Amino acid sequence: MTVVIGFEGSANKIGVGIIRDGQVLSNPRRTYITPPGQGFLPGETAKHHRSVILTVLQEALDEAGLKAADIDCVAYTKGPGMGAPLVTVAIVARTVAQLWGKPLLGVNHCIGHIEMGRLITNSQNPTVLYVSGGNTQVIAYSERRYRIFGETIDIAVGNCLDRFARVIKISNDPSPGYNIEQMAKKGTKYIELPYTVKGMDVSFSGILSYIEETVFAMLVEITERAMAHCGSQEVLIVGGVGCNLRLQEMMGVMCKERGARLFATDESFCIDNGAMIAQAGWEMFRSGHVTELSDSWITQRYRTDEVEVTWRD
């Protein structure tokens with residue numbers, strides 16, 4: 001059996017998760033929450049992560065009932081994400097790997113979401129809608145790469161929702177997107193908004209003054225186009241915005257009309273977490289990947305399709 005510990009901290013969540021052959025043994029995390037009307041700055045976010053990461057690490061080991069000797073590989077988020085938080089996590093992961101005498105493995109954050117979603121939902125070869133605070137992509141696997149069929153050409157959908165929440169002073173606790181969703185459930189009037197789909201790509205910057213229903217309709221449209229192109233009968237929604245039940249409902253209607261299946265996870269796994277990095281690291285480590293210490297840097301820009309997916313047929 002192979003046991004991998006994963007460190008995630010690319011944005012305002014800091015998490016440490018442990019995976020053993022497809023089983024989530026532990027997955028504690030903390031969230032840096034700012035006052036209403038404020039976002040989170042890289043330096044302050046990194047300071048938060050530094051203050052709690054060792055506590056979260058110990059929680060992960062205690063929950064899993066494991067010791068350092070039981071770990072086979074240490075995985076960490078290489079990117080994409082915010083520079084200062086990424087550096088914080090990478091330093092801790094490098095230190096732990098050296099202290100424990102374990103191999104180190106840098107993981108693409110986006111692929112962590114995909115592999116966690118595939119594990120939890122048992123989806124086989126889905127068209128993936130990856131929606132979060134920093135990324136918006138429609139993805140499908142082909143020839144050892146996760147190919148990007150469409151993406152945002154300006155800001156990510158989660159960033160759009162977060163900025164809207166800041167403008168109208170919606171609370172950041174537990175997250176702006178969640179609080180927008182709860183308020184939208186009470187709405188009774190549909191307001192027509194700018195709808196900007198350009199081929200397989202979307203634009204959210206112009207819609208920022210308006211918001212939710214139209215944003216999700218745009219995402220459903222480009223996902224359906226990717227499904228048609230790939231002949232896919234499965235959709236997997238990953239990323240923090242993937243928790244939104246209205247987005248899941250709208251995507252479910254489209255899937256039902258096509259005779260397709262929708263897969264999604266709850267907030268335990270769609271929101272950034274350490275287990276998703278551990279799971280992607282587990283897949284990569286088992287297929288022969290390791291990261292030398294000299295190559296264990298981070299990058300704020302690390303596209304999903306840059307990684308060779310050697311662990312899938």
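Glycine is no exception: its Cβ is also placed from the backbone N, Cα and C atoms.
Here is what TrEMBL says about this protein:
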type	residues	note
DOMAIN	29-278	domain 'Gcp-like'
BINDING	HIS109, HIS113, TYR130, ASP272	divalent metal cation binding site
BINDING	TYR130, VAL131, SER132, GLY133, GLY134, ASP162, GLY177, GLU181, ASN244	substrate binding site
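Spacing of GLY177 (substrate binding site) relative to ASP272 (divalent metal cation binding site) is 14 Å (Cα to Cα, whole number).
Across the domain 'Gcp-like' (29-278), the model assigns an average pLDDT of 95.
One residue stands out among the binding-site residues HIS109, HIS113 for having the most other Cβ atoms within 10 Å of its Cβ: HIS113. Within 8 A of the CB centroid of the divalent metal cation site residues HIS109, HIS113, TYR130, ASP272, the other residues of that chain are SER10, CYS110, GLY112, ILE114, SER132, ASN135, VAL238, GLY239, GLY240, MET276. Taking CA atoms as the reference points, HIS113 (divalent metal cation binding site) and SER132 (substrate binding site) are 10 Å apart.
Across the fold, the C-alpha of HIS109 (divalent metal cation binding site) and the C-alpha of GLY134 (substrate binding site) stand 11 Å from each other. Around the Cβ of TYR130 (divalent metal cation binding site), the number of neighbouring Cβ atoms within 10 Å comes to 27. Ranked by Cβ neighbours within 10 A across all protein chains shown, the binding-site residues GLY134, GLY177 are led by GLY177. The Cβ of ASP272 (divalent metal cation binding site) has 27 neighbouring Cβ atoms from other residues within 10 Å, across all protein chains displayed. Cα proximity to ASP272 (divalent metal cation binding site) (within 10 Å) is found for the following binding-site residues from SER132, GLY134, ASN244: SER132.
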